[in-house]
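The feature shikimate binding site is assigned by Swiss-Prot to 15, 16, 17, 62, 87, 103, 222. The active site, proton acceptor feature in Swiss-Prot is assigned to 66. According to Swiss-Prot, the feature NADP(+) binding site maps to 127, 128, 129, 130, 131, 151, 152, 153, 154, 155, 156, 220, 244.
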């Protein structure tokens, strides 16, 4: 019997997930299908329920339904709990729904694939929205030395700090801080842009001096050409820039493993996806 999986979103026609999961499944002999489902903005729960009632086994969730998906779960992972959102749903044998958030796990996996261990790295996270929030616990669990969060609206960055410094009786309190963009100083080993500014060809208002010849810059956005943030980082002398395509493949791989118990080959699929992206009409 073929197991059904899907990604829910609105819009969803642009989704790379069906291609990615199809490539994951191909060499494993796993019998499954994976489709993109456009859910009405006010009809996500009904669409998801219909999918599960028709035999669906699991689903990915993207904008704008991640918070709604969180509310529908009977159980959630630690990453999902702290993110306040889920991107992966699993229908369990007892009929309950488990929610996971694999976004941050995908980011960390891609960083490690490119850089090796993240232990003792000083990380600057730009942005304080859902993308940033979902990545904080996985970054901290990767044993980084320090996480600085900076956002145009400083109160949002401080709110994230308050959430994560209260976790595990303050276990992370000394590792997470919020700093105004205009007051950023010192050196960072890794700078991560979690904002969508690059999609509009724009940049966060960052001081150039935070980038050194040792700094690696990571933009969660991606495209056929270099992103605006990464182009700026190179112009300021960054040692290396990475876009978010590997994070996309990485989070999908974590979902696939949760559902199938198999770890797919992400590098092969990333190469195929990069080639596919480059071949798309500009």
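Even glycines carry a Cβ here, placed using N, Cα and C.
Counting Cβ atoms from all protein chains shown, residue 156 (NADP(+) binding site) has 16 others lying within 10 Å of its own Cβ. For the binding-site residues shown (127, 129, 244), fewest C-beta neighbours within 10 angstroms: 129. Max Cα-Cα distance over the annotated NADP(+) binders (127, 128, 129, 130, 131, 151, 152, 153, 154, 155, 156, 220, 244) is 26 Å.
Across the fold, the C-alpha of residue 156 (NADP(+) binding site) and the C-alpha of the residue listed as 'active site, proton acceptor' stand 19 Å from each other. Look at residue 127 (NADP(+) binding site): DSSP puts it in coil. A distance of 13 Å separates the Cα atom of residue 244 (NADP(+) binding site) from that of residue 16 (shikimate binding site). Comparing CA positions across the binding-site residues 15, 16, 62, the one lying closest to residue 129 (NADP(+) binding site) turns out to be 62. Neighbour count (other Cβ atoms within 10 Å of the Cβ, all protein chains): 21 for residue 17 (shikimate binding site).
Distance noted between the C-alpha atoms of residue 16 (shikimate binding site) and residue 152 (NADP(+) binding site) is 30 Å. Put simply, 131 is the one of the binding-site residues 127, 131, 154 whose Cα lies nearest to the Cα of residue 17 (shikimate binding site). Residue 222 (shikimate binding site) sits 16 Å from residue 127 (NADP(+) binding site), taking the Cα positions as reference.
Counting in whole angstrom, residue 87 (shikimate binding site) lies 6 from the residue listed as 'active site, proton acceptor' by their C-alpha atoms. Counting every protein chain shown, the Cβ of residue 15 (shikimate binding site) has 20 other Cβ atoms within 10 Å.
For residue 131 (NADP(+) binding site), the nearest of the binding-site residues by C-alpha distance turns out to be 103; the candidates were 15, 62, 103.
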